[in-house]
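Beneath this line is the structure, given in C-alpha cells, with notes to follow.
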Amino acid sequence: MSKNIAIIGGGNLGSAIAEGLINSGFAKAENIFITKRNIETLSQLKEKGAHILNNNKEAVANADYVILAIKPFQIKDIISEIRPSLKARKHVLISVVTGIWIKDLIEMTGEDFAIVRAMPNTAIAIQESMTCICSHNASEEQAGFVSNLFNQLGKSVIIDEKLMDAATVLGACGTAFAMRYIRANIQGGVEIGFNAKVAALIAAQTVKGAAELLLTKHTHPEEEIDKVTTPKGCTIAGLNEMEHQGLSSSIIRGITTSYKKIVQDM
Ligand SMILES: NC(=O)C1=CN([C@@H]2O[C@H](COP(=O)(O)OP(=O)(O)OC[C@H]3O[C@@H](n4cnc5c(N)ncnc54)[C@H](OP(=O)(O)O)[C@@H]3O)[C@@H](O)[C@H]2O)C=CC1
Ligand SMILES: O=C(O)[C@@H]1CCC=N1
C-alpha cells in the first residue's frame, strides 16, 4: 500500500522535496499533501497532481509520514496546531528544520512518536541531495522507509544527532557555497573571453566532473589536483594566487561562521 506524505511548509526546501518525490517515482503526486499559507506559489505541484492545502491539520490527517519544512521559529506553534491530528501509532515525523533537536520535538509532541531528523539540500528536487539522517523511536520498517526515501532522492548517511548542525552547514548551506564558487568562475570566464552562457556551462560541468571524480574514484582532492597541476604550468600559478588571497581560509571561516550562527541562535 502506498504511504501518504504530508509536507508542512511548501517553501524552497519543502517544494523541492515534493518535486523530487514525484520525479523519482518514489511517491505518486496523489500521495503528497503539501501545505503553506499562500498556496498560489505551489501551482506547478498542483498541475502535477499533488494535493495543495493551506490546512495543516487536514494534510496530517491524510498522511502517514509528516515532513516538517517550516522555519525554526515556527515549529512550536505549528506542532501545537497539528498535535490533535497526530496519532502516535500512525504518524512518523520527519523534521528538516535547522537547529531543532529530537528532545525539543519530544517536548512538543510527547514521547510516543517516531521522530526523524533529516538534513537534505535543494538538489533533492533532481534526486541529487546529500541527506544526513538520525532517528528516535522509529521501527525498522519506518527507519527503512525514510532511508529508502532519501536514497531515492540522492545519497544519504546516518549520523549522530550531535553532528546535525555540522551536517546542515556542510551539506545544506554547502549548495549555496558551491553555487558562489561556480558564479565566481563564470565571472572570471567572461573576463577571459567567454559569453556568460558558455562560461556557465563550462563552470558547472567542470565542478560536476570534479565532484564525480572524487565520488567514483574515492581519491583525495589533493591527489586529483596533482594530476592537473603541470610543473611550471598555469594551474599551479592560479591556485597559489587563490591561496595567497585566502581561498581555503575564507571557505573554512565561512563554514565555521555558519555553524556558530546555528549554535548561537538555538
Ligand atoms: N532551503 C534549504 O536549502 C534548506 C532548508 N532547511 C530548513 O528547512 C526549513 C524550511 O526552509 P526553506 O524552505 O528555506 O524556507 P522557506 O521560507 O522557503 O519555506 C518555509 C515555508 O513555510 C511556509 N509556512 C509558513 N507558515 C506556515 C504555516 N503556518 N503552515 C504551513 N506552512 C507555512 C511558508 O509559506 P507561506 O508564508 O505561504 O505560509 C514558506 O513557504 C527551515 O527550517 C530550514 O532551516 C534545511 C536544509 C536546507
Ligand atoms: O540558511 C538556512 O538557515 C537554511 C539551513 C540550511 C540551508 N538553508
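Just so you know, glycine gets a Cβ as well, placed from its N, Cα and C.
The NADP(+) binding site annotation in TrEMBL covers Ile8, Gly9, Gly10, Gly11, Asn12, Leu13, Ala69, Ile70, Lys71, Pro72. Of all the Cβ atoms in the protein chains shown, 25 others lie within 10 Å of the Cβ of Ala69 (NADP(+) binding site).
Summarising the annotation, TrEMBL assigns NADPH binding site to Asn56. When other Cβ atoms within 10 Å of the Cβ of Asn56 (NADPH binding site) are tallied across all protein chains shown, the result is 23.
The feature domain 'Pyrroline-5-carboxylate reductase catalytic N-terminal' is assigned by TrEMBL to 5-98.
What TrEMBL lists as domain 'Pyrroline-5-carboxylate reductase dimerisation' is 161-262. Residues of the domain 'Pyrroline-5-carboxylate reductase dimerisation' (161-262) grouped by DSSP class, helix first, strand second and coil last, total 88 helix, 0 strand, 14 coil.
Here the binding-site residues are Gly10, Asn12, Lys71, and the one with the most other Cβ atoms within 10 Å of its Cβ is Gly10.
Across the annotated binding residues for NADP(+) (Ile8, Gly9, Gly10, Gly11, Asn12, Leu13, Ala69, Ile70, Lys71, Pro72), the two most widely spaced Cα atoms sit 14 Å apart.
Ile8 (NADP(+) binding site) counts 28 other C-beta atoms within 10 Å of its own C-beta, drawing on all protein chains shown. The DSSP secondary structure for Gly10 (NADP(+) binding site) is coil. Spacing of Gly10 (NADP(+) binding site) relative to Asn56 (NADPH binding site) is 11 Å (Cα to Cα, whole number).
Sorting each residue of the domain 'Pyrroline-5-carboxylate reductase catalytic N-terminal' (5-98) by its DSSP state yields 46 helix, 19 strand, 29 coil.
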